[in-house]
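J.: Mind looking over this structure? Questions follow.
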Amino acid sequence: MIDHLKRTKIIATCGPALTKSLVSLKMLDDNEYAAIKKVAYANIEAIIKSGVSVIRLNFSHGTHEEQQVRIKIVRDVAKAMNIPVSIMLDTNGPEIRIVETKKEGLKITKDSEVIINTMSKMIASDNQFAVSDASGKYNMVNDVNIGQKILVDDGKLTLVVTRVDKQHNQVICVAKNDHTVFTKKRLNLPNAQYSIPFLSEKDLKDIDFGLSQGIDYIAASFVNTVADIKQLRDYLKLKNASGVKIIAKIESNHALNNIDKIIKASDGIMVARGDLGLEIPYYQVPYWQRYMIKACRFFNKRSITATQMLDSLEKNIQPTRAEVTDVYFAVDRGNDATMLSGETASGLYPLNAVAVMQKIDKQSETFFDYQYNVNYYLKNSTANKSRFWHNVVLPLTKKTVPKRKLVNSAFKYDFIVYPTNNINRIYALSNARLAAAVIILTNNKRVYTGHGVDYGIFCYLIDKNPNQLTKAELIELAWKAINHYQAYGDLEKLKQCLAVYNETIINL
């Protein structure tokens, strides 16, 4: 039996599979939708109970009111459960999509000529279709060259450019395979320098809306340079929202060329393997995933692995063995969080997908090489320069190392309780990959919901400034928090617990 609180975080994308047909706030108060509302609330409660700590909202789809409904449901449920849940806004970003096709789509045959209209709103027909970005102002003819590949619908259709007609705003291509394309399907231009602005008008409106709703994270699509991060940070500062964390989505070869700088400039990265696998050879993706996770550990940043982790669970109950291995080794490599996209947004079995991911994450934590973690990562991480690291984090890491890495019962401690509002110290505790869950006592609501991505961190809201607690108050609150998370994690029997008071480790 695996009896410990899962420390790897799960990010679940919220969509109709979870919140059903609820698309307006009025529907929540309408008795006609009472049954649907009950199911939606039950779904969110179930996935939080199964270990979801971040709800991702994909702003490539849905209206603001639809997303507001989802935020309200999540906040209502999280408050009732007394469990912090972070909200992540995923930007639309600079992407190109097919404008419109007929219901049956547009069938493209191998070796046929395909004409892409770059400044038109035409409905696709006769081997022609139109493309646009979110603003409707982007002209793709400026970003392509003869001989270049264009990938459509996640690479399911490959086109090669044979001619660029700037006068008529057309890109003429030859199809390399058969495929049927549909409305809103994405286009990728591998290795192209896109002339689309990093933050479109739509992105800024979405971000403004998200800030009004108190989001915790922005997953910024198609980050290519440090300048992209700076542009977004400056905008957040202008909006008095510097506390919102930026997760850079790595989706292009240009981003990989700047990867260390991007990691250092952001609060964390998302290995967005879908688009990345189209922009670079797919067989290079595992290497870069490992590199980015390792670099995030080194720079004390958060890492998320995303895209098709349990893709088959959109339609099936059982995951493929390859998917199980994928999730397992993402955690084993040192990921902070594993993410579900279509599995929970539009899949048939969203609750099952979360439950499956929870089991795999916990299993990987059980066999994680904690001794290697001490010997290597703690010596190489940039976080080891701080006094707190040497006085608290390193001793805790050594103290909690299991005696035998392959035996779950060798976990000696269940919880470590630390009172703080210091984000950098929370990051240090998370990055250490302690063999116990860390409960942060905080009176800051931004801190309370702001660490849903951080490995091993569980926040507990208190009334008093955590830095002003007496030792007796700390011990009393520590046990309240421990009992709360013991119940949340369905832990039958507590092992030993620790607390940190004035940088001194004490047994509870």
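Each Cβ is built from the backbone N, Cα and C atoms, and glycine gets one as well.
Not measured: the values here are computed from a predicted model.
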J.: Name the residue, out of Arg75, Arg97, Arg163, that Swiss-Prot lists for the same ATP site as Asn58, Phe59, Ser60, His61, Lys185, please.
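T.: Site partner of Asn58, Phe59, Ser60, His61, Lys185 for ATP, according to Swiss-Prot: Arg97.
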J.: State the count of C-beta atoms found within 10 angstroms of the C-beta of Glu251 (Mg(2+) binding site), not counting that atom itself.
T.: 27
J.: By the DSSP assignment reduced to helix, strand and coil, which category contains Asp275 (substrate binding site)?
T.: helix
J.: Quick one: of Asp90, Arg97, Lys249, which recorded positions lie within 10 angstroms of Arg56 (substrate binding site), measuring between C-alpha atoms? Sequence order, please.
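T.: If one measures from the Cα of Arg56 (substrate binding site), the recorded positions that come within 10 Å are Asp90.
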J.: Using C-alpha atoms only, work out the spacing between Asn58 (ATP binding site) and Glu251 (Mg(2+) binding site) and round it to an integer in Å.
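T.: Given the Cα positions, Asn58 (ATP binding site) is 16 Å from Glu251 (Mg(2+) binding site).
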J.: Just the number: how many Å between the Cα atoms of Thr307 (substrate binding site) and Phe59 (ATP binding site)?
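T.: Cα of Thr307 (substrate binding site) to Cα of Phe59 (ATP binding site) measures 16 Å after rounding.
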